[in-house]
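Quick look at what TrEMBL lists:
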TRANSMEM  12-31  transmembrane segment
DOMAIN    18-424  domain 'Amino acid permease/ SLC12A'
TRANSMEM  43-64  transmembrane segment
TRANSMEM  85-110  transmembrane segment
TRANSMEM  130-148  transmembrane segment
TRANSMEM  155-176  transmembrane segment
TRANSMEM  196-215  transmembrane segment
TRANSMEM  235-255  transmembrane segment
TRANSMEM  275-302  transmembrane segment
TRANSMEM  323-340  transmembrane segment
TRANSMEM  346-367  transmembrane segment
TRANSMEM  388-420  transmembrane segment
DOMAIN    466-592  domain 'Prokaryotic cation-chloride cotransporter first C-terminal subdomain'
DOMAIN    599-727  domain 'Prokaryotic cation-chloride cotransporter second C-terminal subdomain'
Amino acid sequence: MDKTNEIKKFGMMAGVFTPTFLTVLGVIMYIRHPWVVGNAGVMGALLIIVVAVSITLSTALSLSSITTNIRIGSGGAFSLISQSLGLEIGGAIGIPFFFSQAIAVAMYIFGFREGLQSILPEFSPLLLDIFVFILVMAIAFISTSFAFKIQYVIMAIIILSIASIVGGLFITELNYDFVWFGDYPGSKENNFEGSSFWLVFAVFFPAVTGVMAGANMSGDLENPRKSIPRGTITAVIISTLVYMALVFVAALLATPKELVENYNVFIDKSYYAPIVLAGLLGATLSSALGSFVGAPRILLALGEKRILPKSEFLSKTNKKGEPFNAMIITAVIVLVGLSLRDLNTIAPLITMFFMITYAMVNVVALIEQSLSLPSFRPTLKIPIAVPLIGAFGSLTVMFIINAAIALASLILIVFFYYYLVKKKLKSDAGDSRSGLFTALAAWATKKTTELSPTREVRSWRPDLLIPVTAPKEIRRSFKLIESIVAPKGSIKFLAVSNLNKDIEDKLINFLPEVIRRLKSKNIATSYTYVSGNDFAESIKISMQSLNAAFFKPNTVFLSVSGDGRFNESYMNIIEIARQNRYGVLLYVPFENVGLSLEKDITLWLKDFSPAWKTNYDLSNNDLSVLIALLLQKNWDGNISVRLARDNQSNSSEKDISVLNDLVRFPIHTKIEHYSLHDELELLTTNRTDLNILPLRPDLSIEDMIKVAEFSRTSAIFCMDSFSENALV
C-alpha cells in the first residue's frame, strides 16, 4: 500500500477548530479571568477583551486571507511567511516559534501539576511533572489522531465546566452592584499595592494567543485553504463570546474584593466544583497536547527546507506520516524545560516570539494588499486596516508587556536571520520577494518621476552599457569595469551578433559566467543579445530603446582593440551617445602594461566654463572626475590632478583651492597647473598607472591611441552625458 494512502488527514473540526478553541479557553479563563474583572471592572474587562481580541482576530483574518491565496505547506505560519518573504525571514521566525511551542508544553505541565496538587498534595511535584510529561508524550506518540480524539473528550469537559460556572448563578447570592470601571487594586503577589489597565491587560493577553494552534497542523489537513480560515475564525469568535459572557458571570458571583483575592472564585462558586477543576486540568492538558503535536510540525517544516543542522533527520516521518524524529527532539526540549523547574524568567520571551510571529503574519498580509499584485487573489478579502491593526497591535503589546525582553527577542530574530542568510538557503518553490521588490521599485519609480521627471545629479552612479562581440573584449577590460562600478553601480552587457558563429556562441556561453562573478560581488549585472548587420546601428537602436526606461544605463563603455576594426563604428557610437545624452568611457589599453599596479591615477582637466566657480559647471570634465574618484576608492590609490591653464577662469592658485574644496578630493591629492603647450611632453614623462582625460569632439580614435602609446600608459577618455556633476 502506498505510504501516502496510510497518512491520516484532518478536517476543519479536528485539525483546526478544536485545538484553537481549547488553547484559547485555557487556564487563564479559570483562575485569572475573575481577577481581571475584579481589577478593571465590568466595562474595563470588556475593553481589555476587545483590545486583545482585536489583535488576535486581525491576525486570524490575515492568516486566513493569505491561506486562501497560497498552497500552504507544513509548518503553518513558517510556511506562510517563507512563501512571501523568503526562507531566511521565515526561518528566523520559525526557529524561535518552534522553541516557544516546545517550552510552552513544559509551562502547561507545570500548570496541570499545580491543579493536580490541590487533589494530591502529598505527591512530589517533580514526580507529578514527569507523570504528566509521559502521559502527554504517550498520547502524542500513539498518533495525532488519537491526541485529537482525547481533545474531543477534554472539550466536552470544558463545556460542562463552563456550564457549571454559569450554573453557580442559581445557587449563589448574586452581586447586582456592578463596578463598571475598577480601581485596579492589584494582586496578592504585590500586596494589593495597585495595578493599571495595561498591567492587567498583560496578564490577560496570553489567554487569547492560541490562534496559530490549528494553522500549525497545515501539513496534516485535508484542505488547509478552507479549514484554517473557517476553524480559526470560528474558534476566535466563539471563545471571545465565552470570555465576554464570563465577565458578567464573575461580576454577579462575587464582589470586586473577592474576585481579586480569590483566584478560585469560578471553582468555589460553581454549581459543581469537581467538573470545573476537571475543566481546569483538561484545559492545561489540551494546551500541552496541542503544543506537543504542533511544535514537531514546525520543526519538520524547518527540516524539509534544510534550515537547521541535521535537517534530513528532522524531516523524516514514520509510516503514519507522523514527524517521529521531530517529536523526539521536541520531547528532549520539554524535558530541559521541566528540569529548569521555574520558567517565569523565560515565559515573557516565549510570549514575545508568539507576538513576533503574529506581527509577521500581519505584515505579510499588509505588504501583499498594499502592492495589489495580480497574484494576490484571496477568496477571503479583508480591509487593509485589519493587518495594519494586527501588526501594530502585536508589536505594541510586546513592549507593553516587557520592553527589555521585547527588544532582546527582536535582536535574537535578527541574529537568526543573518545566520540563515550566510547559509545561502535554496528554495525549491521560490517565493514572492522578487515580485514584491519589483512592485516596490515600480512604486518608487513612479514617485521619483512625479517628484523629478529627470534623474537627479546627486543620485548619479555608474550604470554602464557595454557592447561586446567576443569574450576577449570583456577579458581585456574586466578588472577596470569591475573597479568602476563597484560597489553600487550596474552593468548591462549588449552582446552584438558577430559574423563568426563560433565566437558568437562562445560569447553567449561566456556571459553567464561573467554575470555570476560580478553578482557574487553584489554588482547588479544583466545581458541581452542584439542581432543586426551593422555594429553601430545595433548599438544605436539599443540606446534609443533604453531611453524609455527609467533605470536606463547612463554611460557607454567602449574598449579599443589592437586590430582597429571597430574604430569607425566607435566614432559613430560616440556621436549617437551624445545625441541620446549618454556618457562615454573609451578605454585605450596600453597592451604591454595594462593597468600596471592599479595605484596611481592622473586626471587631466581642461576647457572649464568661464563661470564654473559660480555655476558649478566643469563642462566636459565631470565624468572624468567621478571616474577618477571611484577608481581611487576601489584601488585605494592616489590621484594627481593636472589642471590646464586654458583661460583666465582657472589659472590661479586660488582656483586650485576652490576646485579641491568643491570636488572634495582625497586628502593627499596633488593638484597642479600645466600649460597645454606642454601636454604631450608631460604625458610622455608622467609616471602613472592610468591617465583619465576628457573626450573632446575633435579627437579621433587614432589620436587617443597615440596618447596611450606616447605615455606608455593605458588611458580612459570620458565624455559627459551632462546628467552627472562632480561638484554637488
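Glycine residues also receive a Cβ, built from the backbone N, Cα and C atoms like all the rest.
The transmembrane segment (388-420) makes no contact with the transmembrane segment (12-31), as judged by fewer than three Cβ pairs under 8 Å among residues 6 or more apart in sequence.
Most Cβ pairs under 8 A with the transmembrane segment (130-148) among the ranges 12-31, 235-255, 323-340 are made by 323-340.
Residues 19, 22-23, 25-27, 29-31, 73-76, 78-79, 91, 94-95, 97-98, 101-102, 104-105, 108-109, 111-112, 115-116, 118-119, 132, 135-137, 139-140, 144, 147, 150-151, 154-155, 157-158, 160-162, 164-165, 210, 212-213, 216-220, 266-267, 308, 311, 314-315, 317, 323, 326-327, 329-330, 334 of the same chain lie 6 or more positions beyond the ends of the transmembrane segment (275-302) yet place their CB under 8 Å from a CB of it. A contact between the transmembrane segment (196-215) and the transmembrane segment (346-367) is present, since 3 or more of their C-beta pairs, 6 or more residues apart, lie under 8 Å. Between the transmembrane segment (323-340) and the transmembrane segment (12-31) there are fewer than 3 Cβ pairs closer than 8 Å, counting only pairs 6 or more residues apart in sequence, which means the two stretches are not in contact. Highest Cβ pair count under 8 Å relative to the transmembrane segment (346-367), across stretches 12-31, 85-110, 155-176, 235-255: 85-110. A contact between the transmembrane segment (155-176) and the transmembrane segment (12-31) is present, since 3 or more of their C-beta pairs, 6 or more residues apart, lie under 8 Å. Helix, strand and coil residue tallies for the domain 'Prokaryotic cation-chloride cotransporter second C-terminal subdomain' (599-727), in that order: 53 helix, 28 strand, 48 coil [DSSP].
As a summary of secondary structure, the domain 'Prokaryotic cation-chloride cotransporter first C-terminal subdomain' (466-592) carries 60 helix, 28 strand, 39 coil according to DSSP.
Sequence-distant contacts of the transmembrane segment (235-255), counting only residues of its own chain at least 6 positions beyond either end whose CB sits under 8 Å from a CB of the stretch, comprise 16-17, 20-21, 24-25, 29, 33-34, 37-38, 42, 45-46, 49, 53, 56-57, 60, 162, 165-166, 168-169, 172, 174-179, 207-208, 211, 214, 262, 265-266, 269.
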